[in-house]
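Here is the structure we will look at, set down as structure tokens.
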Amino acid sequence: MKKKVLVIDDDTFMCDLLVNHLQQKEFDAKGTYSGKTGIKMVEKNHFDIVLCDFRLPGTDGYEVLQTIKSKKPLLPIIIMTAYAEVKMAVKLIKSGAFDYVTKPVQPEEIIKLINKALEPKQERETSTTFRENFITGNSHSIQKVMQHVKVVAPTDLTVLIEGETGSGKEYIAKAIHYASKRKDKPFVAVDCGAIPRELANSELFGHIKGAFTGAINDKIGYFEQAKGGTLFLDEVGNLPYENQVKLLRALQERVINKVGDNKVIKVDVRIITASNDDLGKMVEANNFREDLFHRLNGFKISLPPLRDRGEDIMEFARFFIDKANVAFNKSVKGVDEEAEKLFYEYSWHGNLRELENVINRAVLLSNEELIVPKVLPDEIRLNSLNKETNRFKSSNREEFTQLKEATLVTEKEVITNALIEANYNKSKAAKILNIDRKTLYNKIKQYGIEITK
Ligand SMILES: Nc1ncnc2c1ncn2[C@@H]1O[C@H](COP(=O)(O)OP(=O)(O)OP(=O)(O)O)[C@@H](O)[C@H]1O
């Protein structure tokens, strides 16, 4: 049966073009130019995947993502964005988007991504296929991480992996799993940031038929799915406070209850968690339970960001080029000297995920043997230009600092205004700002905003 795809893009030409292309590629594709209509279509119809433009009038991509995720948590969503918005795209992934592509969208790239999102993950991967797709790099910092992986893998210790978004936390979790005695049992990855609060207990622990409205059948939760194997809780800092208690019990007593059922079920599962946030700081800010933090922090692994991994950047670039050549039937041989320089100068806030996306695009656009600067996104090329200019005009640096400060001041003002508008009700203010409460608490603390009526 044809897979159903919904395209949401207010650029009518691009939307129609993409829908047409997908239909030619045997997808059952529909399009809409409005985010609101898109949400309604998802509510009323079955779709296998949604492609959503980030900049939409009225409702933006972030709102559409959050609304769809709250209604259909498992529906994969790919965000289409201009490159300058890549930091936002990274945030969207943290909020549950499957991935992002930069505009103008390359047809082959989007098809590859759709297929990746739709393929059933767990059934296909084995320790052999994982190893084929895993490289480590030679930087001192990653070698230390790999040494820790080797030491901790055979134990049943709970591991906490900290690192920036896209730095490879899930890959390290899998490396631990596949090097452990549990390697032939399931590895189940759960994005805690993408589970709606009211569904978290049922998703993690399962439920029985009739436990709540909408519970029409018994459901097995992630803990039971991972029986004998490893449960990877990504973005664990986003787990609602009330669910943290139940998770703590599961870890301490190694038992769970399904929602609506008193029966105690024993679970033999190794837990690995990951977070982009510093969980220790979240504990200090009372946003994460201290007892749970200590339970999770059996063994901590800190992943370095890509910009601090020296020559690993080029090793990963070559690896991603090989993958892209196979996927797009191309024969790009490498990166030219000038482009390589740009790779080293760029800060890669989206880390390996961003590098892979940049390479995919560059391979697709390359007509030459080597990747040259002109097939790289503006952000990477201009980054170097800006640096050059700064070297000559030190005053520019001051302006940059001022601009940064201005952004922070504006952010503080926007938050303060929202708090006033919400009469200092933080949940309401968070809604107005379209951020979660924890982020708001952190910002209030960061800017030292006083909460006095
Ligand atoms: N060791 C590795 N070898 C090969 N590719 C990797 C490796 N680590 C990461 N990648 C690539 O980078 C992408 C992002 O990695 P991963 O999902 O593990 O990051 P993450 O830190 O868990 O991201 P997030 O913060 O969004 O949860 C992967 O999809 C994969 O393509």
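Glycine is no exception: its Cβ is also placed from the backbone N, Cα and C atoms.
According to TrEMBL, the domain 'Response regulatory' annotation covers 4-118.
Per TrEMBL, 4-aspartylphosphate is recorded for Asp53. With a cut-off of 8 Å between CB atoms and residues at least 6 apart in sequence, the same chain places Ile8, Asp9, Asp10, Asp11, Gly61, Ile79, Met80, Thr81, Lys103 near Asp53 (4-aspartylphosphate), listed in sequence order. Mapped onto three states, the DSSP output places Asp53 (4-aspartylphosphate) in strand.
Marked as domain 'Sigma-54 factor interaction' by TrEMBL: 135-364.
Taken through DSSP, the domain 'Response regulatory' (4-118) splits into 58 helix, 24 strand, 33 coil.
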